[in-house]
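Q: This is the structure I have questions about; it appears just below.
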Amino acid sequence: MTQLADLRRTYVLGALSESDVAPDPMSQFKRWFDEAVTAKLPEPNAMSLATVDADGQPSARIVLLKGIDDRGFTFFTNYESRKGLDLAANPRAALLFHWVQLERQVRVEGRVEKVSDDESDAYFATRPLGSRVGAWASAQSREVPGRDVLEQREQEYRSKFGENPPRPPYWGGYRLVPTALEFWQGRPSRLHDRIAYRLQPGTGWQIVRLSP
């Protein structure tokens with residue numbers, strides 16, 4: 001087996017200072033995200049979403065960012081999935097973007113709210129037909145006897161709805177409204193740059209440097 005202690009790399013691609021970053025974190029995120037897209041990274045909108053249930057049990061999974069604006073970060077899912085039930089019990093969550101090739105991470109924390117039905121309908125209509133049918137066929141996060149059951153359900157809903165399946169009432173979007181963000185740039189000797197934004201009531205965003 002590979003010796004895990006030997007798996008390491010030196011980070012040399014960039015630096016980040018307080019004078020480099022935008023005054024608000026959403027502008028800074030868009031800047032870094034655009035650079036990740038320009039670098040042709042695979043799925044730059046992939047992010048880890050961490051939630052906590054009513055008993056304090058955490059869980060995490062990779063989801064795709066589908067919207068970003070001054071209000072926050074938008075993603076879509078089944079409201080009855082594990083993450084949906086977690087968010088119903090505890091509407092706070094964390095996101096993590098890891099752009100390995102750029103030696104960068106972005107951490108986001110905040111409260112989560114459902115987007116409007118109109119927003120969910122508009123996004124659902126852009127999804128491929130198979131994904132729209134799949135939203136009906138899959139009771140996400142629940143046990144299923146076998147893949148054949150999923151495929152049978154898919155065929156049933158494809159026959160039922162044809163080319164225009166509507167959005168299921170249990171499926172839609174969430175928006176994470178950030179209260180804290182951290183931008184991490186790898187540096188040599190593990191002295192990484194960590195610039196954090198913290199939302200201060202009544203005064204806006206505070207920018208601070210954190211020790212690596």
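Note that Cβ sites are derived from N, Cα and C of the backbone, with glycine treated the same way.
Positions annotated as substrate binding site by Swiss-Prot: Arg8, Arg9, Thr10, Tyr11, Lys66, Tyr123, Arg127, Ser131, Arg190, Leu191, His192. If you look up Swiss-Prot, you'll see 61-66, 76-77, 82-83, Gln105, 140-141, Trp184, Arg194 marked as FMN binding site, on the strength of sequence analysis.
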Q: Counting distance between Cα atoms, which of the binding-site residues Val63, Phe76, Arg82, Arg194 is nearest Arg8 (substrate binding site)?
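A: Nearest in space to Arg8 (substrate binding site), counting only the binding-site residues, is Arg194.
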Q: Looking at substrate and its recorded binding residues Arg8, Arg9, Thr10, Tyr11, Lys66, Tyr123, Arg127, Ser131, Arg190, Leu191, His192, figure out the farthest C-alpha pair and report it in angstrom, whole number.
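A: Greatest Cα-Cα span of the listed binding residues: 43 Å.
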Q: Could you check which of the binding-site residues Thr10, Arg127, Arg190, His192 is the closest Cα neighbour of Arg61 (FMN binding site)?
A: Arg127
Q: Taking only same-chain residues 6+ apart in sequence, whose CB is under 8 Å from that of Thr10 (substrate binding site), what do you get?
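A: When sequence neighbours closer than 6 are ignored, Thr10 (substrate binding site) has Pro188 within Cβ distance under 8 Å.
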Q: Distance check, please: Cα of Arg82 (FMN binding site) against Cα of Lys66 (substrate binding site), rounded to an integer number of angstrom.
A: 19
Q: Within a 10 Å radius of its Cβ, which of these binding-site residues (Gln105, Ser141) has the fewest neighbouring Cβ atoms?
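A: If we count Cβ atoms within 10 Å for the binding-site residues Gln105, Ser141, the smallest count is at Ser141.
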Q: How far is it from Leu65 (FMN binding site) to His192 (substrate binding site), counting Cα to Cα, in Å?
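A: On Cα coordinates alone, these residues lie 26 Å apart.
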Q: Cα of Arg190 (substrate binding site) to Cα of Gln105 (FMN binding site): how many Å, rounded?
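A: Gln105 (FMN binding site) has its Cα 14 Å from the Cα of Arg190 (substrate binding site).
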